[in-house]
Amino acid sequence: MSNVVPTPVFPLFAQPFATRLERALQHLRIGRPVILMDDFDRENEADLIVAADKLTVPVMAQLIRDGSGIVCLCLPGETLDRLELPPMVDSNRSRYSTAFTVSIEAREGVTTGVSAVDRVTTIRAAIAPGARSGDVVSPGHVFPLRAQPGGVLTRRGHTEGSVDLAALAGLRPAGVLCELMNADGTMMRGASLERYAAKEGLVALAIDELAAHLQARGATGAPAELAVAA
């Protein structure tokens, strides 16, 4: 018997995956956020993701306002190694092995680091071509996450999904995410997620269908392959 959890069937997922994927990639290319859901038997959370290349202050404000406030920058290992960002802990015992590094702030151009403007400044400093360890300091108010090699074909997490989608869109393999939350502090799911997506005009994808799409095309998760796998 298959252990694959089916993609949820409700209006957010009513359109065929190929249609939603193309819309999602178009949105990412112009700096609009996309909803990415993981499996029901995993975190069962909806994250708002945006391509780091296209991040703007208004979208960052939306992530902070409508999400948990923990804004994460998802990057391949080679980028984090160039920035010399070590893991947050020596032994990762979190339930889903979420690979946080130490938190960061831009060395220049920020005040307290908390505002939407400051967090965008930090992310731009971290993903700039040729960025090095001296361009960011720790601790800070942006939380980098190390995406596993192979992307969602290796680990079915929002971290890997956001990096894979950015690469599929032809952008730098770097994503920014924040978990969506309701006003009462509960995670946004079901009807509340439907209402939010309709109000904001957002497209939704599920990690299981993204993984199936990449596997069907023989992609290995390498950014160069993903750029032509859409």
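Glycine is treated like the rest: Cβ placed from N, Cα and C.
The structure displayed is predicted, hence computed values, not measured ones.
Marked as D-ribulose 5-phosphate binding site by Swiss-Prot on the basis of sequence analysis: Arg42, Glu43, Asp47, Arg155, Arg156, Gly157, His158, Thr159, Glu179. Per Swiss-Prot, Mg(2+) 1 binding site is recorded for Glu43, and the stated evidence type is sequence analysis. The feature Mg(2+) 2 binding site is assigned by Swiss-Prot to Glu43, His158, with sequence analysis given as support. Per Swiss-Prot, the feature site 'Essential for catalytic activity' maps to His141, Glu179.
Features per Swiss-Prot, on structure.
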residue	record	DSSP (3 states)
Asp47	D-ribulose 5-phosphate binding site	strand
His141	site 'Essential for catalytic activity'	strand
Arg156	D-ribulose 5-phosphate binding site	coil
Glu179	D-ribulose 5-phosphate binding site	strand
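When the alpha carbons of Asp47 (D-ribulose 5-phosphate binding site) and His141 (site 'Essential for catalytic activity') are compared, the span between them is 18 angstrom.
For the recorded positions His141, Arg156, His158, the largest tally of other C-beta atoms within 10 A is found at His158.
Fewest other C-beta atoms within 10 angstroms, among the binding-site residues Asp47, Glu179, are seen around Glu179. Across the fold, the C-alpha of His141 (site 'Essential for catalytic activity') and the C-alpha of Glu179 (D-ribulose 5-phosphate binding site) stand 16 Å from each other.
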